[in-house]
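Notes follow the structure.
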Amino acid sequence: MFQLLSIAATLLSFFLAALESVAFTYPHYSTHIKKRCFRTLGCFSIIYPYNNTYLLPDSPFLIGTRFWIYSPYSIKRKPLRIDSNRSRRNHFKYRFPTKVIIPGFNPNHENFKWIHDMAIALQHQEPANIITVDWSRGAGFPYEQAVANARVVGKQITNLLIKLNPTKLRFFTKLHLIGHSLGAHIAAFAANGLNHTSRITGLDPAGPNYERAPKEVRLDPSDADFVDVIHTDGSSFSAIKGFGTMKQLGDVDLYPNGGKKQPGCEGSWAHLFYQAYKTGLKNATNYVGCSHSRAIQLFMESINSTCFRAVKCSSDADFENGQCVLGEFITMGYYLSKRTPKGTYYLNTLKAPPYCAHNYVVDVYLAQNDTIHGAYIKVIGLKSSTKQIILPSQPNSHSNRYRSSVVVLTPRDLGEIVEVRILYRPPSRFGFFLFRYNIEVHGVSVMGLSYHTKFQSCEKVTIAKGHTYRFQQNNFINTCT
């Protein structure tokens, strides 16, 4: 009982600290001091536009920023001292690309294992100078203070990069900054002090304190030649979700699973207390950021895979309703470039690694706009097949026809689609008189988002209750009429 009370008290303090930290109002100033200056870094104020926090930054000594470098072809990190010419000369090779990994808010002040894992994955893919940033001492509670400290860390990164290569433009044309949470905005601060930055990747950039902030204090497309953003936790903020943002911040913004709650990430206080009791408080606080950290995992998987196919779409609702199957396709993650068409892109993923899923949009065309209960679909390919998936009960109107649409996920590519099966099995627990004995189907089509796989059958059939109909491929010329 004492353990439960202790966990409850600690989690309550976590909630109150988080809530106080991210309550975003253009702040009341608790001090007359509105500027703080540091030697070699310059001055930092809380006057507009930098008033997205009411606190001035800590000193560089208190923040304690440290830099580490993985030299090209090396998987061992070495300390990189900004004031040591020998350190820079021995480990940094300017002829190679440079990638900087910047973590974000760190309430546990821990050394994130994912930073090392990402550095190794990047090094295996392309020999490069991989620089990692450790500002964990300044990245914890209160969140408002971490927001203030972020600008100092950004300036420190700027100074380091300039000292590494003060005159060679080629260096900056091969510079890629990768930031998670607050680290995404730190990347923007760092880039603003450089003449040129090739790319910034924002991994679920922090939303609290930045949602309504002007572009001078957050990530935006002008910060680099190419800015790509993966959104995974854009729900409205609460103590257990919503640490990211749905706001478009890049040239290309990607929204896996709608950009909000990610599959496999629970979202309730009951589950939070259960995690704390079963696995300890540290794991419970990690659980709090499950959706927020999913962007890291997706990007890391993308380094060794081109599987994450996303489609250009105006909204998640349009994507889920199959409105965007003929849109532009890109591969989410590491392999994007500034040649990628700008815009917002959507895809769905699985709930556990490997997260990549093949997305198929299935449209079933109906004879009338009736609610249907108990219609199941299964897609058969030469390589694999899907499980039985229930169709939405309420069809939508499209081009004077009625259709029921669903996005189906599979861990494997189905290959060429050869058959689609529809089973009509309405539930009986509410009484047989509530449901029709049959449904009229006027065709079915499947579009694979991975490789534009196409299937269409325009057969008009009546499927009786308890029966399955097998649709075969027709020529995919026009949609069924």
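Cβ from N, Cα, C; glycine included.
Please treat TrEMBL annotations as automatic predictions, because they have not gone through curation.
Sequence annotations record features per position, and here TrEMBL assigns signal peptide to 1-25.
The feature domain 'Lipase' is assigned by TrEMBL to 55-355. Averaged over the domain 'Lipase' (55-355), the predicted model reaches a pLDDT of 88.
Within 10 Å of the C-beta atom of Ser181 (active site, nucleophile) sit 30 other C-beta atoms, taking all shown protein chains into account. Summarising the annotation, TrEMBL assigns active site, nucleophile to Ser181.
According to its DSSP assignment, Asp204 (active site, charge relay system) is coil. Within 10 Å of the C-beta of Asp204 (active site, charge relay system) there are 32 other C-beta atoms, taking all protein chains into account. Positions annotated as active site, charge relay system by TrEMBL: Asp204 (among others).
Just so you know, the Cβ of Asp223 (Ca(2+) binding site) picks up 26 other Cβ atoms within 10 Å once every protein chain is counted. As annotated by TrEMBL, Ca(2+) binding site applies to Arg218, Asp220, Asp223.
The 10 Å shell around the Cβ of His292 (active site, charge relay system) contains 25 further Cβ atoms across the protein chains shown. DSSP assigns His292 (active site, charge relay system) to a helix. Residues or ranges marked as active site, charge relay system in TrEMBL: His292 (among others).
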Surrounding CB atoms that lie within 10 Å of the CB of Asp220 (Ca(2+) binding site), all protein chains: 20
Chain-internal residues near Arg218 (Ca(2+) binding site), provided their CB is under 8 angstroms and they sit 6+ positions away: Asn52, His185, Ala188, Pro205, Tyr210, Leu249
For His292 (active site, charge relay system), the one of Ser181, Asp220, Asp223 that lies nearest, given that the recorded positions are compared by Cα: Ser181
Rounded distance in angstrom between the Cα atoms of Asp204 (active site, charge relay system) and Ser181 (active site, nucleophile): 6
Any further residue of that chain within 8 Å (Cβ to the Cβ centroid of Arg218, Asp220, Asp223) of the recorded Ca(2+) site: His185, Ala188, Lys215, Glu216, Leu219, Pro221, Ser222, Val227, Leu249
Cα separation, Ser181 (active site, nucleophile) to Asp220 (Ca(2+) binding site) (Å, whole number): 14
C-alpha spacing of Ser181 (active site, nucleophile) relative to Asp223 (Ca(2+) binding site), in angstrom: 16
